[in-house]
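**Q** One structure, as structure tokens, below. Some questions next.
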Amino acid sequence: MSSTRIPVIALLAAAGRGTRLGGPIPKAFVTLRERTLLERSLQAMLTSESVDEIIILVSPDMETYARDLLRKRGLLNDPEGVRVRLVHGGGERADSVWAGLQAISLDDATPDAIVLIHDSARALTPPGMIARVVRKVHEGATAVIPVLPVSDTIKRVSPDGGVVVDTPNRAELRAVQTPQGFLLSELVAANEKFFADPNPGFIPTDDASLMEWYGADVVCVQGDPMAFKVTTPIDMMLAQRITDEAEPTIFEVPGD
């Protein structure tokens, strides 16, 4: 649990269907070496010793399954002193996050509370990286994202994907990961504005892009290659190889 008086609340997105992974069940519940991606992501949050509450966003049809699974694993009922609960997510990621934010009792949270938004599919995220994001918000940032340099050349293409428009300077590009950290009051305000606008002009692909749209400065911290998103069968093969060879060391770190 966070030792500071400012509460840190994590929203763990687990409502997606995961169609690109190709399995019969939602991606968060796919098993990686006898533990689901959701369990692994939840354990990383607990091991980081940075959060006071974790809200897991699940689709309504998976709530009972998720509750039974987490109860069996001892991950409900305040494991390690951290409150863990389930909330129904929405049809799109932005809808799920908004549902999670609305589930936070603002009466219990101080105006400067911190919220983390994390993808359960980033199941091997090191706890130290989670702590790094939280620390940066504690230091005064409104919005924080973990990033990595890109190794591939990136092309911007025409809407039909057939013609290259230009080549951005790779030195200025970063791959963005989660968890992303925010001041709770600012992220709530950005979501209120977005969902109240019948034509916001864009679809947020992550919460940082919503904060950019809202006008907030988004600060970068160092990401970690282990925080990759398990999206395709190849990603799952990589995750299996890593856990086969390095399972005992994956969750060793709280700090950095």
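In case you wondered, yes, glycine gets a Cβ from its N, Cα and C as well.
Remember, it's a predicted structure, so these values are computed and weren't measured experimentally.
Annotations per Swiss-Prot:
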SITE      Arg20  site 'Transition state stabilizer'
SITE      Lys27  site 'Transition state stabilizer'
SITE      Arg170  site 'Positions MEP for the nucleophilic attack'
SITE      Lys229  site 'Positions MEP for the nucleophilic attack'
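What does the local environment look like for each feature on the list?
**A** A helical conformation is recorded for Lys27 (site 'Transition state stabilizer') in the three-state DSSP classification.
Counted within 10 Å of its Cβ, the other Cβ atoms near Arg170 (site 'Positions MEP for the nucleophilic attack') come to 13, all protein chains included.
Cβ neighbours of Lys229 (site 'Positions MEP for the nucleophilic attack') (same chain, under 8 Å, six or more residues apart in sequence): Asp119, Ala121, Arg122, Gln177, Asp235.
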**Q** Take the C-alpha atoms of Lys27 (site 'Transition state stabilizer') and Arg170 (site 'Positions MEP for the nucleophilic attack') and report the distance between them in angstrom, rounded.
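**A** Rounded to a whole number, the Cα-Cα distance is 31 Å.
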**Q** Within 10 Å of the Cβ of Lys27 (site 'Transition state stabilizer'), how many other Cβ atoms can be counted across all chains shown?
**A** 26
**Q** Where does Lys229 (site 'Positions MEP for the nucleophilic attack') sit in DSSP terms: helix, strand, or coil?
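**A** Going by the DSSP assignment, Lys229 (site 'Positions MEP for the nucleophilic attack') belongs to neither helix nor strand, so it counts as coil.
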